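What follows is one structure encoded as structure tokens, with my remarks underneath.
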Amino acid sequence: MEQFVAVAAAHFVALLIPGVDFFLIVRATTTGGWKNATGACAGIAAANGIFIAAAFSGMSAISQPALLAVIQLAGGVFLIVMGVAFFRSPAAVSLDGGPRPAGATWAKNFGLGLASGLLNPKNALFYVSLAAAVSTAAPAALLGYGLWMFTVVLVWDLFVALALGTRRALDRMRRILPWLTKLAGGVLVLFGGAMLVTLAVRVAG
């Protein structure tokens, strides 16, 4: 029981730290509404579920340097492209149920969430580390860990989308969304650039 509490706490604390997924949910909610943003939440949870299943089923390949390098390269490029898209996109919040920006669909948000999660090498390393910490647990217990983590990721992301999707939150976001979108774009570009620089240094060394 103590082991489960420790692992569950470490996993949840990691979710509380704002990252790329958080910015994606914020933008999806403020520009397309919370219902469309659930697509991003589902995509992010699906990506986490894939890594969880791979790590807890003993697929150590996801922690291999060569595969992580490929993920890091693709993830860095993806974040830069997404950050530039944030810069170039119109930042507007609809409070009257009017038309949403083109392309703000559930399916597109799902794809972005899935890509964001799968192209983040930290997810692979994080779940491999957690799996290693509970490697001696029974198969049924490992299944319980995996289901718990997947559920917590999905529920937390949905909570964020719903919290940001209230009329009061959207009204506040309308005032700050233009600069918040630019800030998020800048952060994503920096994240992506840092991933590529780190990869280049490691390869060169």
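Residue numbers in this text run from 1 along the chain shown.
Even glycines carry a Cβ here, placed using N, Cα and C.
Because TrEMBL annotations are produced automatically, they should be read as predictions rather than curated entries.
When Cβ-Cβ distances below 8 Å are used as the criterion, the transmembrane segment (6-26) is approached by residues 37, 40-41, 44, 79, 82, 86, 112-113, 116-117, 120, 126, 130, 133-134, 145, 148-149, 152-153, 156-157, 160-161, 164, 180, 184, 187-188, 191 of the same chain, each at least six residues removed from its ends. What TrEMBL lists as transmembrane segment is 6-26 (among others).
Among the features that TrEMBL reports, transmembrane segment is placed at 38-60 (among others).
Summarising the annotation, TrEMBL assigns transmembrane segment to 66-87 (among others).
Taken from TrEMBL, the feature transmembrane segment covers 124-141 (among others).
Annotation comment: TrEMBL describes 147-164 (among others) as transmembrane segment.
Nonlocal intrachain contacts for the transmembrane segment (176-201), taken as residues 6+ away from its ends with a CB within less than 8 angstroms of a stretch CB, comprise 20, 23, 26-27, 30, 69, 72-73, 75-87, 89, 91-93, 121. Annotation comment: TrEMBL describes 176-201 (among others) as transmembrane segment.
Sequence-distant neighbours of the transmembrane segment (38-60) (same chain, 6+ residues past either end, Cβ-Cβ under 8 Å): 21, 24-25, 28, 105-118, 120, 123-124, 127-128, 130-131, 142-143, 145-146, 149-150, 153-154, 157-158, 160-161.
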